[in-house]
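The annotation active site, schiff-base intermediate with D-ribose 5-phosphate is assigned in Swiss-Prot to K90 on the grounds of sequence analysis. Marked as D-ribose 5-phosphate binding site by Swiss-Prot: D33, G162, G223, G244, S245. Positions annotated as D-glyceraldehyde 3-phosphate binding site by Swiss-Prot: R174.
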Amino acid sequence: MNTAHSPDGSGRTGTARVKRGMAEMLKGGVIMDVVTPEQAKIAEGAGAVAVMALERVPADIRAQGGVSRMSDPDMIEGIISAVTIPVMAKARIGHFVEAQILQSLGVDYIDESEVLTPADYTHHIDKWKFTVPFVCGATNLGEALRRINEGAAMIRSKGEAGTGDVSNATTHMRAIGGEIRRLMSLSEDELYVAAKELQAPYELVVEVARAGKLPVTLFTAGGIATPADAAMMMQLGAEGVFVGSGIFKSGDPAQRAAAIVKATTFYDDPDVLAKVSRGLGEAMVGINVEQIAQPERLAERGW
């Protein structure tokens with residue numbers, strides 16, 4: 001494990017072991033986007049393992065356009081005080097000062113998120129400089145390993161946020177899983193070439209090839225709107241689920257939230273899945289990913 005970049009003697013930076021351990025505690029759970037303390041309480045009551053505090057869910061960000069930034073500190077603190085479960089908040093890609101502010105507010109995790117407008121199109125945040133663990137998105141294994149090398153303690157497959165269309169989430173999860181399986185079949189000398197192709201450090205590539213999994217927790221996100229969506233992503237190898245617009249843009253948020261939590265737990269039991277899928281009211285209308293122009297796709301942000 002690489003702890004060379006994470007000295008903790010000063011007390012100001014957390015070790016990789018501690019940060020990754022905090023993310024591990026969320027495994028098997030659902031993390032829900034919330035915009036008010038009331039929504040946060042609904043999410044907690046439904047069984048969410050954490051909430052993501054933000055001013056606009058991805059569907060609204062997509063619809064309204066403009067520059068999307070870190071949420072107001074008052075709003076984040078209101079949600080922190082409303083619930084007992086961990087609270088995450090989003091910072092723009094590369095915006096290390098937004099991350100510094102979020103850490104000072106006492107959030108439990110920071111999501112360096114492509115849902116917000118990137119602040120830097122060259123650099124991501126140096127996440128080793130922070131005590132708080134970071135979550136980052138990835139569409140493939142190379143992207144995931146680059147974020148881990150920068151200090152990310154959890155990876156989420158990106159999907160396409162704010163659409164209610166799960167197709168990109170499945171594409172990204174399958175890509176990460178397929179590339180890991182390919183690494184496992186390579187010889188030691190072939191891993192050098194693979195590291196170059198993935199644009200990732202050789203040591204991390206070897207660690208993944210030997211373990212058959214990422215060295216951090218892997219969640220899924222982007223377009224999950226039904227219990228069946230959540231269960232499918234778990235069956236594809238996700239260790240937990242982020243749900244954004246899919247809950248509070250639906251007809252009965254409390255019931256849908258509880259159903260998605262149950263589906264994530266019992267993801268391989270079709271009888272339970274059939275039961276929790278009944279009578280949920282209308283799902284979010286959503287957008288077909290194929291109808292979104294390439295420059296408008298949030299998953300393309302990040303490098």
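Cβ atoms here come from the backbone N, Cα and C positions, even for glycine.
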Annotated D-ribose 5-phosphate contacts D33, G162, G223, G244, S245, maximal Cα-Cα distance (Å, integer):
12
Could you tell me which three-state DSSP class D33 (D-ribose 5-phosphate binding site) falls into?
strand
Alpha-carbon distance [K90 (active site, schiff-base intermediate with D-ribose 5-phosphate); G162 (D-ribose 5-phosphate binding site)] in Å:
15
When a 10 Å sphere is centred on the Cβ of S245 (D-ribose 5-phosphate binding site), how many other Cβ atoms does it contain?
25
Cβ-centroid neighbours of D-ribose 5-phosphate site D33, G162, G223, G244, S245, 8 Å, sequence order:
V57, P58, A59, A161, T163, G164, G222, I224, V243, G246, K249
Which state, by DSSP, holds K90 (active site, schiff-base intermediate with D-ribose 5-phosphate): helix, strand or coil?
strand
Please identify, from the binding-site residues G162, G223, the residue with the sparsest Cβ neighbourhood, meaning fewest other Cβ atoms within 10 angstroms.
G162
If you skip the near sequence neighbours and keep only those at least six away, which residues in the chain come within under 8 angstroms of G244 (D-ribose 5-phosphate binding site), Cβ to Cβ?
M32, D33, M52, V57, P58, A59, V115, A161, G162, A221, G222, I224
